[in-house]
Structures are given as C-alpha cells and as structure tokens.
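K.L.:
Below is a structure I'd like to ask you about.
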Amino acid sequence: MQQSTPYLSFRGIGKTFPGVKALTDISFDCYAGQVHALMGENGAGKSTLLKILSGNYAPTTGSVVINGQEMSFSDTTAALNAGVAIIYQELHLVPEMTVAENIYLGQLPHKGGIVNRSLLNYEAGLQLKHLGMDIDPDTPLKYLAIGQWQMVEIAKALARNAKIIAFDEPTSSLSAREIGNLFRVIRELRKEGRVILYVSHRMEEIFALSDAITVFKDGRYVKTFTDMQQVDHDALVQAMVGRDIGDIYGWQPRSYGEERLRLDAVKALGVRTPISLAVRSGEIVGLFGLVGAGRSELMKGLFGGTQITAGQVYIDQQPIDIRKPSHAIAAGMMLCPEARKAEGIIPVHSVRDNINISARRKHVLGGCVINNSWEENNADQHIRSLNIKTPGAEQLIMNLSGGNQQKAILGRWLSEEMKVILLDEPTRGIDVGAKHEIYNVIYALAAQGVAVLFASSDLPEVLGVADRIVVMREGEIAGELLHEQADERQALSLAMPKVSQAVA
C-alpha cells in the first residue's frame with residue numbers, strides 16, 4: 001500500500017546547459033519501501049535527474065525534497081552524507097584497494113593517524129554479510145568479478161546509511177546469475193524501507209522489480225504508472241515515444257540480388273569449427289546464439305580485428321585477404337562493434353571527426369590538407385539524415401547517448417563505398433525509439449543492395465529484423481531459419497548446448 005507522505009519529491013526541476021535544455025519542470029514523488037523505475041529514450045533526462053539528486057549538478061530551477069526537507073547538495077560527498085547514493089553503470093571504485101577500503105573510503109576508522117585494520121575489516125564484513133556476500137574484506141578489489149564490484153558499491157552506500165539508492169543501468173555488464181543476485185539485494189533493500197530508483201531500458205527488469213514507473217520524454221515528465229497490474233509493454237512504449245509504434249521491427253519481404261558475401265570454411269579465434277555461409281545483396285542475415293556461441297569472434301575476424309586462421313572470405317565472388325581492418329574497409333566491408341565505446345568511437349573527438357575519420361583520406365586537398373568544407377557538409381548531412389541528436393557537429397561524441405553514438409558510427413560507414421556491413425549487438429543499451437530508427441537504417445541499407453550480417457543476443461530482435469536467421473552454438477552453425485517460419489522455440493532449441501539438450 002502506498003504511503004500518504006512521499007520520502008523523496010522532485011519539485012519543478014529544470015536544468016539548462018549552454019545551448020541545451022536538458023530538463024523542464026520535472027515533478028513527481030517517490031515513497032519509502034518502493035522500487036521506482038525511471039524510463040525514457042536516451043536523452044530523455046533520466047541520468048541528468050540522477051546527477052542533480054546526487055550533487056553532480058545543481059538544478060537551474062526547482063528543488064529536491066527529502067523527508068519533508070528541501071535539500072541542496074554542493075557535491076556528491078554532501079549527497080552521500082545525507083543518505084543519497086547512486087550506483088552508476090561505470091562503477092566508481094579503486095581496483096588496487098581492498099574491498100574494505102573501498103567500502104569505507106573517506107571514513108576509514110583510525111586512531112592516532114593509523115588505520116584500525118581489524119575494525120575496518122570487521123565493519124566491512126558486516127556490510128557484506130548484510131548483502132549475503134561471502135567475500136574476504138581484505139581482498140584487493142581487482143581480483144573480484146564485476147558483479148561483486150557492484151555489491152561492494154552497494155555496501156559502500158549502506159555504510160553511509162543511504163536511505164535513497166539509485167541504480168543506473170546496473171545489469172549491462174552482469175551475467176544472468178549476477179543479475180539474479182542483484183535483484184535479491186534490491187528486494188531486501190526495499191523491505192528495509194529504502195527508496196530505490198531504478199533506470200533501465202530492459203522492460204523485463206522493470207516489470208520484475210518495480211512498484212511504480214515514471215516516464216520521461218525530451219527532458220519532460222510524461223506520466224507515472226502506480227498500478228503495475230494495469231500497465232503493459234505497449235503502454236510504456238507509447239508513453240516513451242509519444243506514439244503507438246505498433247510493430248517496432250517493421251520487417252517487410254524484399255527481393256535480393258546476387259551473392260555478395262560468402263564465407264567458405266572460415267575459422268577465427270574463438271570460433272571452434274569452420275563457418276560457411278552466404279549473404280546476398282539486399283539480404284539481412286541475423287546471427288543468434290547464447291553467450292560463448294562465437295558470434296562476436298566471427299565478426300571481429302571478418303573485419304580484421306582478430307586473425308582468420310582458416311578458410312576464405314569472398315566479396316562479389318572475389319577472394320579477400322583480411323589481415324587488418326583497413327583491408328576489410330578497402331573491400332567494402334564495415335563493422336559496428338559490440339563494444340561501442342571502447343572500439344566504435346573516439347570518445348574525446350567530435351561527432352564530426354567520428355563520422356569523417358574513415359573517409360577523409362579520400363577527400364584531402366593536395367594529398368595532405370583536410371578538406372574542411374567536405375567534412376562539414378558530410379557530417380551535417382549524416383546528422384540530419386540519421387536524426388543524430390546533438391547540439392552540433394563539434395559536440396564531443398562521448399556526451400551523446402548510446403543510440404546517437406551508434407548512428408554516428410553508421411554515418412561513418414555511409415561515407416564509404418559499402419558493400420557489406422557487420423553489425424554486432426547494434427542496439428544493445430539503446431532505447432526503444434532509437435532502436436526503431438536503427439532498424440530503419442538497416443532496411444534502407446538493404447534496399448540499396450548492401451549485404452547485412454548482424455549478430456544479436458536479443459532473440460525477438462533477430463526474429464523481427466532478419467530475413468534469415470543463422471543460429472550458432474558453441475562456435476559452430478547449428479541451423480538456419482527463414483523469417484516467415486522462425487519462432488523463439490525453434491531458435492532457442494538450436495542454440496542450446498548439446499549437453500543441456502541431452503539432459504532435457
């Protein structure tokens with residue numbers, strides 16, 4: 001039952017940056033003992049609101065009210081001391097320090113300037129036990145798995161008696177087992193009467209955890225759902241994108257041309273058995289498989305990121321020798337990698353540079369001078385055509401949302417003479433509206449005759465977008481399914497390891 005008095009309230013919150021209005025008049029309430037989800041497309045304002053709550057940003061207008069008192073935090077330390085903790089996607093811990101030191105960093109127990117190690121490890125052990133974690137507090141953090149790092153971050157919040165704990169995309173790097181453990185902890189924190197804010201694009205997580213959902217769009221409050229029995233996927237999507245998008249995938253049958261890409265008994269590092277497949281001009285082929293199936297390893301090998309150890313790659317019936325990415329690009333084969341931030345973009349460069357970096361060599365003046373006129377026009381053209389949301393072409397790409405970063409990478413390859421595009425988890429961590437836009441780009445590329453090979457662990461996405469689905473299992477092809485005939489049961493049956501099938 002919802003309490004009558006909210007523990008946390010946002011009142012008319014607005015935030016303006018130079019040239020950008022990030023938040024406008026955000027007002028809603030959160031209650032103790034509830035998980036309150038925040039949803040919206042990338043750039044909707046969720047992370048900005050959390051940064052205001054945590055003291056990273058000061059609001060331009062409005063106020064934050066905690067337990068009836070209007071609060072203003074000068075920095076994150078002030079917020080943490082007031083009982084507000086944010087568990088970010090990129091964890092703020094020190095790998096070289098011990099678990100206990102990370103938990104009590106800034107408030108280490110000491111006497112006469114000397115840290116009381118015995119008391120430190122004892123207190124840290126109590127916090128870890130509270131979370132059900134069997135970890136030696138004296139262990140250096142660097143030796144723990146990422147899921148355990150997250151538990152240390154939560155223990156750090158509890159050590160400061162945090163009453164408000166916000167999670168920002170917490171499961172993006174976790175295994176299924178680690179996600180289950182995180183959910184167990186969040187439910188325990190809810191039982192203890194804490195306010196839990198939860199930001200995620202994964203609707204299955206939202207429905208599994210939430211007592212209330214607030215939706216943002218374009219920096220504005222849209223709606224708060226409080227009756228979880230009456231809200232469904234379609235209602236959330238409509239609130240997030242401002243329209244009923246119906247079938248988000250929008251697949252339609254199309255005709256294909258001649259064979260454009262062929263793999264003849266190709267092996268790459270991490271791919272156990274030779275892979276043979278073909279993709280025709282204008283065809284979209286989806287690669288599906290469970291973790292460890294070899295999808296990403298095959299993609300990296302085809303692009304020259306890792307070594308092809310056997311077999312032959314053909315483009316337009318011509319054998320291609322790919323030993324590094326420049327060989328693939330020269331042959332007309334491009335890659336949007338799974339690790340978008342680490343391998344797909346240059347974070348400290350502008351959107352303009354990230355779009356132009358590959359094709360600029362073809363447009364230099366006198367063989368050595370950058371053609372600024374071409375670069376400006378090319379970047380602006382792709383920003384407009386791909387609907388990249390940015391204050392301008394000179395904005396650092398690291399400041400863009402994941403969906404807009406992905407569209408900038410696509411813009412880079414649209415600047416080249418593309419025959420084949422390899423897409424590895426192209427919509428991971430991207431909101432539903434941006435996914436729809438990226439699917440439309442994929443369809444447009446296919447309509448232009450590009451052969452599309454994309455790998456995804458999102459089975460509904462593969463079934464919804466691909467003309468043909470190639471299922472991989474333990475580094476080999478387990479089977480193929482046509483779009484019109486494929487369903488989740490068939491695909492999962494093919495993808496499951498043989499041992500599991502035998503046990504079943």
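From the backbone N, Cα and C atoms, a Cβ is placed for every residue, glycine too.
Keep in mind the model is a prediction, meaning the values are calculated, not measured.
Pulled these features from Swiss-Prot for this protein:
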DOMAIN    8-243  domain 'ABC transporter 1'
BINDING   GLY40, GLU41, ASN42, GLY43, ALA44, GLY45, LYS46, SER47  ATP binding site
DOMAIN    256-499  domain 'ABC transporter 2'
K.L.:
If one looks at the chain holding GLY43 (ATP binding site), which residues at least 6 apart in sequence have a CB under 8 angstroms from its CB?
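P.N.:
The answer is ASP218, LYS389, SER401, GLY403, ASN404.
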K.L.:
Name the residues of the same chain, 6+ apart in sequence, whose Cβ is under 8 Å from the Cβ of LYS46 (ATP binding site)?
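P.N.:
Those within reach of LYS46 (ATP binding site), by Cβ under 8 Å and sequence separation of 6 or more, are LEU38, MET39, GLY40, ASP168, VAL199, PHE216.
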K.L.:
Work through the binding-site residues one by one (GLY40, GLY45) and point out the residue whose CB has the fewest other CB atoms within 10 angstroms.
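P.N.:
Selected from the binding-site residues GLY40, GLY45 on minimum Cβ neighbours within 10 Å: GLY45.
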K.L.:
With every protein chain in view, how many other Cβ atoms are within 10 Å of the Cβ of GLU41 (ATP binding site)?
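P.N.:
Looking across every protein chain shown, the total is 25.
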K.L.:
Work through the binding-site residues one by one (ALA44, SER47) and point out the residue whose CB has the fewest other CB atoms within 10 angstroms.
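P.N.:
Counting other Cβ atoms within 10 Å of each of the binding-site residues ALA44, SER47, the minimum falls on SER47.
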